[in-house]
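Worksheet for the structure shown next.
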Amino acid sequence: MMYVLRRIGFFLLTLWAAVTLNFLLPRMMPGSPTDAAIAKLAQNGPVTDATRKAIEAQLGVPDGNIFEQYLGYLHQVITLDFGVSYTFYPQSVSEMVWQAFPYTVILVGFVTIIAFVLGTLIGVLTAWKRNTWLDALPTLTGSFASTFPYFWTALLLLFFLGYVLHLFPTSGAFGPTATPALTWDFFTDVLYHAALPALTILITSLGGWIIGMRNAMINTLGDDYVTFAEANGLKGRTVAIRYAARNAILPNLTGFGLALGGVVGGSVLVEQVFGYPGIGYLLFNAVIGQDYPLMQALFLMITVSVLIANFLVDIMYGVLDPRTRR
Amino acid sequence: MTTTQNLTSATEAAIKPPRRFAFITRSAATLWANWKSRLGLIILACFILVAIFAPLLAPYGASQDGFERNADASPEHWFGTTAAGEDVLSQLIYGSQISVAVGFIAGLLSTIVAMVIGLSWGYIRGFGADVINFIVNLFLVIPGLPLMIVIAAYLQNGGLVMIVAVIVITGWAWGARVLRAQTQTLRSRDFVTAARFSGEPAWRIVFKEILPNMTSIIAGGFFGAATSAILAEAGLEFLGLGDSSIVSWGTILYWAQNSNALLTGQWILLFAPGLCIALLALSLTLINFGVDAISNPRLREGKSR
């Protein structure tokens, strides 16, 4: 119980820190959205003070001292009202974020779980068959694939499977004729469009799980209780799965929450390549269009989601490992 | 073979007075003995040589244009030309300079930050440690690339210096955590207690007594940080958030995507820069296999079951 309370405390504290960081970040940076907008205008000719005022009013530049701004910002966060998007005017920022959110959560969530399960299983195998080709092949291809830049894997898959072989659609989350509805046809269409982005993330993230599980497993295989189990004449598979792998999976699980942050980052690049209308693609567009309100809201959304995922993994860890509950 | 080498070097070390930098040659030998890290060292050396001798190796200038646009591979242009009429091979060769430099500088800087924070954090106790613990955990859970993208967007085309700074700001936390764990296990050892009783100041105990015992972990942290720095730099350049006028592997892919290389079918233009990034990152990962084996003897090539 103490453990859960501590995790909740840490979660709330990090949540506050992330929200505050998101507030401070634009204020610590040189220049302001107004300056950026004026710099753009200034290329076409001199900018008057009146224009500047007009831009400030239009961008909703916050006034008052920093504490008043902070309170106003917290109010915005709690009510989930982040104002109006610059680039997708007149749509509100929250609306844009909620439209994109499910696509990324489903894409990243599913693929990460698949990669974790698959990678852990392969990792157990490689550690058990150490120094045979069953070890060398997955370890080497896995570590090679994990060095592929996300956007490169994405570009290659898109080029060969999309443009050359025409096996998969080349952009979007559903076909032009499909209408978003809770029907089987729409569901399969979404899956079909998500296949290439998902494959990209899977290829790039699988290797890390294999290596992590392999190293953890090799460590437990050296422990005395494993030798003892073997000496007792237990079957090889029983020792591998029920003795070694069960204990080795815990350190690998700690990595889950942290790896998620990396995958979410990678999905920004993947979504950009595939034009997949998730959070990452929206973030990219917000950055290109210097849409600061949208950018701020998206970054907050991404950070909070990863924080929640980490929190859930922590709680799960507590359930699985009695030692943490002391 | 390896065992005899280890034995002789161990006896030598026992007889001769300890030399300060002997560990460098010894770890280099250990790395070379592991075939994975040997392969990594060879690949890395190739990239560094190409980066240094780029002006001699490249057939044309990095941004020398005026050739036929979007040309396929030919004897004059082995890898074809870009949409702006530049030679792809020359761009690749010059691009290695950026990746190698960014990987080295950003990797080194974030390792130094990780080292200073990780070691002091592992040594001190009480409220200060809790505060650092919180900050490090915060930096660990905040997704790095989105944070980089947002900072880069605010800084507006800061170029390479900005990219390196952003990578260091977002990339030190992992190393700090690993080093802290190691410091915590070492701080209760007898030699540290002895140093404390002989009146050595805390900073000296941390950096002169404890630090030399974890060179392999620091080296591992450096190669890991350099790998992620190279990938992050390429990612930011690919999104067009760096200085898109410089020639790097990331910007080649940025321009390739912007000029629809997917539609013109120039697969080499897409394939080659990414493969270079992947190979350079792979070489560092491979070296780390050997470094891991130094810090964790159980991972050394053991017998199969």
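Just so it is clear, glycine is given a Cβ too, placed from its N, Cα and C backbone atoms.
What TrEMBL says about a protein is an automatic prediction, not a curated fact.
According to TrEMBL:
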type	residues	note
TRANSMEM	A:100-128	transmembrane segment
DOMAIN	A:101-313	domain 'ABC transmembrane type-1'
TRANSMEM	A:149-170	transmembrane segment
TRANSMEM	A:190-211	transmembrane segment
TRANSMEM	A:253-274	transmembrane segment
TRANSMEM	A:294-320	transmembrane segment
Cβ contacts under 8 Å made by the transmembrane segment (A:190-211) with residues that lie 6+ beyond its boundaries: 103, 106-108, 110-112, 114-116, 118-120, 122-123, 126, 138-139, 141-146, 148, 150, 153-154, 157-158, 161-162, 168-169, 172-175, 252, 255, 259, 262-263, 266-267, 270-271, 273-274, 276
Outside the transmembrane segment (A:294-320), six or more residues from its ends: residues with CB under 8 Å to it: 3-4, 7-8, 10-11, 14-15, 18-19, 22, 25-26, 77, 82, 85-88, 93-94, 96-97, 101, 105, 250, 253-254, 256-258, 260-261, 264, 279, 282-283, 286-287
Residue numbers, six or more beyond the limits of the transmembrane segment (A:149-170), whose CB comes under 8 Å of its CB atoms: 192-193, 195-197, 199-201, 203-204, 266-267, 269-270, 272-274
